[in-house]
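Written out below as structure tokens is the structure these notes cover.
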Amino acid sequence: MGKDGTHARSAPDLRVQLGPLSLKNPVLTASGTFGYGQEFSDFLDLARLGAVVVKGISLEPRPGNPPPRIAETPAGMLNAIGLENVGVERFVAEKLPYLRKRNATVVVNILGNSEEEYAALAERLEDEEGIAALEVNISCPNVKEGGIAFGTDPRMAARVTEAVRRKTTRPLITKLSPNVTDIALIARAVEDAGTDIISCINTVSGMAVDVFSRRPKLANILGGLSGPAIKPVALRCVYQVVQAVSCPVIGIGGIQTALDALEFLLVGASAVQVGTASLVRPTSAVEILDGLERFLRHQGLASVREYIGTLDTSCRFPLAEETCAGDE
Amino acid sequence: MPKTQEKARLLETRRVADDTHRIVLYAPRITATARPGQFVMVRIASEGADPLLNRPFSFHRIHKDDGLFEILFRVVGRGTWLLSQRKEGSSLDVIGPLGNAFPMPEAQEEIVALAAGGIGIAPMVELGYRLADWAREKDSRQVFLFYGARTASELVPLGKLERRGIRASFSTDDGSRGSCGTVVDLMDQSVRESGLLPQRLYACGPLAMQAAVAAWAHEKDVRATMSLESVMACGIGACLGCALPAAHPDDSSRARHVHVCKEGPVFDSRKILWEKMEPTPVRPLTFVCS
Ligand SMILES: Cc1cc2nc3c(=O)[nH]c(=O)nc-3n(C[C@H](O)[C@H](O)[C@H](O)COP(=O)(O)OP(=O)(O)OC[C@H]3O[C@@H](n4cnc5c(N)ncnc54)[C@H](O)[C@@H]3O)c2cc1C
Ligand SMILES: Cc1cc2nc3c(=O)[nH]c(=O)nc-3n(C[C@H](O)[C@H](O)[C@H](O)COP(=O)(O)O)c2cc1C
Ligand code: FES
């Protein structure tokens with residue numbers, strides 16, 4: 001039954017609540033794969049999306065890494081963009097007004113080389129209108145002196161989160177890297193440091209080489225893997241983080257279809273972000289949204305919230321306790 | 001111009017030279033606003049994620065009235081090989097039109113030249129037809145085409161283009177057709193024999209050829225307009241993957257990046273830092289098509 005007594009035959013309720021952040025639906029775009037939104041306006045209505053997460057913004061503009069920056073791999077791609085972006089001032093002056101005009105729900109992804117830079121960014125954005133939340137990228141593996149250090153050390157991850165927390169009253173999302181030994185440890189650290197929401201995963205560190213030229217395929221040598229290839233890793237990370245913390249989690253990694261998105265909701269993510277899929281098919285995010293709605297109708301569910309976190313992990317045929325508990 | 005995602009129907013596919021194919025696609029919405037120099041992103045996989053990324057191809061011919069455009073491509077890897085195997089009647093997801101177009105010559109320009117190396121001929125043909133029409137408007141206008149390849153069997157037949165009044169000459173590395181040498185040798189020879197130095201050059205080809213053409217043009221103070229390549233993921237300006245090193249507009253010592261899919265693929269050659277460009281590795285085809 002719906003909230004006003006009507007039956008589930010009416011459109012399923014897609015709204016989700018992530019701590020202080022209310023979203024009209026659980027399908028967001030992933031930072032760095034959706035530009036500043038405007039690039040996609042010929043293909044879809046930005047206002048339909050749960051949120052548009054923009055390309056990572058730093059205090060100063062960044063030129064990014066030398067090319068080649070992209071290499072295709074089986075069912076995935078490596079990127080080493082190097083966090084090229086227009087800088088916070090141009091973002092506020094040129095990009096944000098467009099997103100406001102289109103009634104998009106905006107999440108601003110931020111990055112820096114020091115706690116002070118993250119804090120200064122949060123402070124600079126605090127009074128700008130039309131920002132629903134901040135997402136702190138502590139995990140980008142591309143910039144040698146940047147992101148990597150914060151995301152792989154629980155104390156540093158907590159310190160960045162705290163630094164941003166002190167400067168913003170907005171809902172705060174901390175985005176985790178999968179390139180760590182124990183993601184649950186980092187998740188607990190940033191939750192304790194005051195993040196409202198955790199998103200994961202960022203790209204998986206990887207490499208590709210050319211056997212004929214004997215050169216790395218990326219000028220940066222190492223890059224971040226994304227796309228369908230990383231989905232099982234991402235799902236595992238989201239599952240472990242959901243078990244470890246009590247704050248809401250946003251699932252990211254290899255989501256191409258509505259069924260992929262549902263896998264993340266099933267293990268307990270309250271929302272998802274669509275990344276590489278948008279690069280290949282610009283309409284991916286809205287198609288996933290439509291597919292989600294179809295699925296809920298098909299399953300006779302009145303709300304997406306009835307589906308989130310309903311994974312049944314009970315052991316059906318226990319031979320010995322260990323067989324079920326093990327991970328293979 | 002709005003960008004469109006369209007299911008295109010493959011009407012015709014034909015091998016036109018060594019490892020080189022031409023396909024005709026019915027995609028009326030994309031064709032409606034397409035201009036020479038622009039490109040499309042083609043989804044190669046009919047389903048699934050192999051290959052994951054779309055592949056960029058220039059408009060080779062644009063037939064507005066019929067809602068058709070043509071792509072001319074060379075098999076260089078798995079994606080282009082799979083595309084060459086696609087059957088007539090099948091459909092392909094295509095995004096376009098993308099990027100900027102070749103500018104037409106300016107009012108004072110009367111002698112223009114096209115320089116194409118290898119598969120770089122692809123975007124030059126539609127441009128050639130437009131320039132042939134442009135040249136017919138005024139007697140003093142002339143269009144040259146310098147087209148080079150490794151060997152005669154790699155040269156793509158130019159159809160009616162030559163009959164439209166374009167002065168075409170050819171070069172091959174092995175001398176099997178036209179003069180033996182490079183496109184730049186051809187350009188030197190043409191200037192010597194005709195006494196006509198073009199005021200504008202349009203060029204597309206492998207990096208080494210384009211860099212040589214750019215150097216030639218700079219030395220002679222000829223304006224060179226180039227169609228460039230870079231590895232792409234999205235083609236719509238979202239991923240920032242297609243960066244190339246460019247000269248800073250105010251300070252030539254400071255490098256910056258331009259994005260081929262957004263600010264290009266057509267650039268003024270003086271904007272590009274040629275010495276910082278990384279050549280794309282070539283993979284022997286025996287290791288590709290199996
Ligand atoms: C704007 C633009 C217009 C183009 N127009 C044409 C054209 O009209 N005809 C034509 O034959 N080719 C054209 N190309 C090149 C064409 O896109 C590549 O040859 C093709 O992507 C190779 O795919 P593959 O799977 O066969 O090769 P792969 O096995 O993927 O790689 C072979 C080589 O192609 C390069 N390459 C791979 N993927 C891409 C990509 N997404 N973008 C650019 N280069 C890539 C690689 O660096 C590698 O050196 C164009 C490229 C650009 C950027
Ligand atoms: C080209 C590219 C650029 C990216 N840039 C950023 C970025 O600026 N900030 C960030 O937090 N994540 C960035 N990411 C990571 C994505 O947001 C996402 O976490 C990752 O790609 C996994 O999701 P996917 O498999 O759906 O792409 C980038 C990914 C790609 C492919
Ligand atoms: S290919 Fe993605 S920005 Fe150019």
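Heads up, the Cβ atoms here are built off N, Cα and C, so glycines get one too.
TrEMBL names A:S31, A:K55, A:G56, A:N109, A:N137, A:K175, A:G227, A:G253, A:G254, A:G275, A:T276 as FMN ligands; from the candidate set A:I81, A:I201, the record adds A:I201 to that same site. A:S31 (FMN binding site) sits 14 Å from A:A80 (substrate binding site), taking the CA atoms of both as reference points. Residues A:S31, A:K55, A:G56, A:N109, A:N137, A:K175, A:I201, A:G227, A:G253, A:G254, A:G275, A:T276 are the ones the record ties to FMN, and the longest Cα gap between any two of them is 20 Å. The secondary structure of A:N137 (FMN binding site), as reduced to three states from DSSP, is extended strand. Mean model confidence of the domain 'Dihydroorotate dehydrogenase catalytic' (A:15-296) amounts to 94 (pLDDT, 0 to 100 scale). Across A:K55, A:N79, A:A80, A:I81, A:G82, A:L83, A:N137, A:N202, A:T203, which the record gives as binding substrate, the greatest C-alpha separation is 16 Å. When the alpha carbons of A:G275 (FMN binding site) and A:G82 (substrate binding site) are compared, the span between them is 17 angstrom. Most other Cβ atoms within 10 A: among the binding-site residues A:G56, A:G275, that distinction falls to A:G275.
Among the listed binding-site residues, namely A:G82, A:G253, the Cβ with the most fellow Cβ atoms inside 10 Å is that of A:G253.
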